């Protein structure tokens, strides 16, 4: 092969290699892009306090709520809602308490993630205070009690009559002890 | 491949190295192509054995042979090996073998990089296979390696991640080689808009690979740092998001689907015109259809994620964008049918596989359009309907096109004819048992059977039994192919320079078997659409 041909080929090779490197960078750039899109559209913002709905205080339809909790297999948390069932009215300010125990012999930092059933109810449960808004740290064997304060938005469709609110507790790696 | 027919002596000519070093130090595009093809066939067999383990376990409800952990490893590695070990290297191997012959180039542009591209693959395959033997076993998160499963498993996952890195580097280098060869080394007269469809398809595929394999590499690297270096890209507790993994993965994953489909389209666009003895209908529209499929493939990724709770607006966008892909794909299917229309067709084995491809790929395409409807997909997501869909496009699509290609170019590669009767048996056997295996999976999915489970509810038994029987016979049939190849390479009838009456691309203008150094000097060509050669001057081989 002539050397001029070879140098032309090398130029194209370099350009294509740069495309590949840029695309590798693009994969990492998707991380902040995803966060920005989620923030801009308000999607997936579970750890932020909601504003109380306009009609809060005016009692509305009656709904049944169940409070639940989940711990991933292998994680030494004990989580217990102090109230497991409650009849509430939409627009009413509700407070329930959760008790979380670090059942291990080391310091741990946990993050709770809420989940709603039916999922469609999620956007109508307006949480004003919640332990899930930030990471919580626990001494070995420590038990802490946390409040959750929320209002069920009266705008919620009438066909939702029962809501389950369940928290999963995860360990934040690298934040606790060993 | 055994004899050098042309003895013209060029000053810098050198013969074939012999023995093992011929293959270890291979820089000849035909040798490297051959290596790729045998490697991918070995991977096809090992991935196939895993598939049969899966089907054996699913023959009856309850656990028969494997614990769920091992079953999950089989489904994961079956997918990874078939995608990255069998189909992609097979297409790269064909491109290596055929591109220089089709466009009149002496070899691939970067011969040593070509050698490296291939020899990266066996270590990656060994990493994948050896991961079964490490504590915790192989990766078991499904071939998509979704977080948070993939951020939790044992060291088998790390080996898988490294294997993906290596295979990614290999396919990126292979693609750079393909693009430079096509863009810079075409013989005079072989213009881009006259170039054979296979060259077009591999060119666009190579661009897709360069654009998305690095994204996959990024995604699995993030999994790796989440696993070992305390980052929280996908860890919800640390402020990350597992859904983000799905977005990054499918930004790679959907173009990947077309990386495995476009070269198949290219092959079919050679086989159908040859055996219909008519030029390809609508060549220009084929080129544009292939390009638009390539571009659209970047805009549809979230249709794999309809069940993640996306906003309805986003679901609608991805649903309509997905449906849009049916348009260029339909252009291609109708062009192939129009090519056959009023042609003088004969039905040699490559043509049978090509027609089987068109029929079954279209079924897979239609179930794909069904799945693209967001409302329907939420019911069918991760069910056996999806399994049926992608096996129609990957087995009856990519794999059948590869069989068509091997039978079609076998005479040019080896100088021998394959056994036509065994080829036809292989086709009808594969066609029948393929459908026995995968058609019932549509019903299973519609009835609600989830994918990736080792056990199932009793009402799914009958269809699973049918699918398992079909799978074992389908697997058995591939040994007919292996036997045909092995026997024909040694004792096949000598093949003429142009064994197919209707074949008119450049590779059929040179002696059979293709000389070891073909087009050492570029020929002067007069070319019609789809690479049909009207006249050729010069072009030396030795």
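Each Cβ is built from the backbone N, Cα and C atoms, and glycine gets one as well.
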Among B:7-27, B:469-489, TrEMBL lists transmembrane segment at B:469-489
The transmembrane segment (B:161-185) vs the transmembrane segment (B:35-57): three or more C-beta pairs under 8 Å (separation of 6 or more)?
-> no
Hey, does the transmembrane segment (B:469-489) touch the transmembrane segment (B:35-57), meaning at least 3 C-beta pairs closer than 8 angstroms, sequence gap 6 or more?
-> yes
Per Cβ pairs under 8 Å, the stretch of B:119-141, B:197-224, B:244-268, B:314-338, B:431-449 packing most closely against the transmembrane segment (B:280-302) = B:314-338
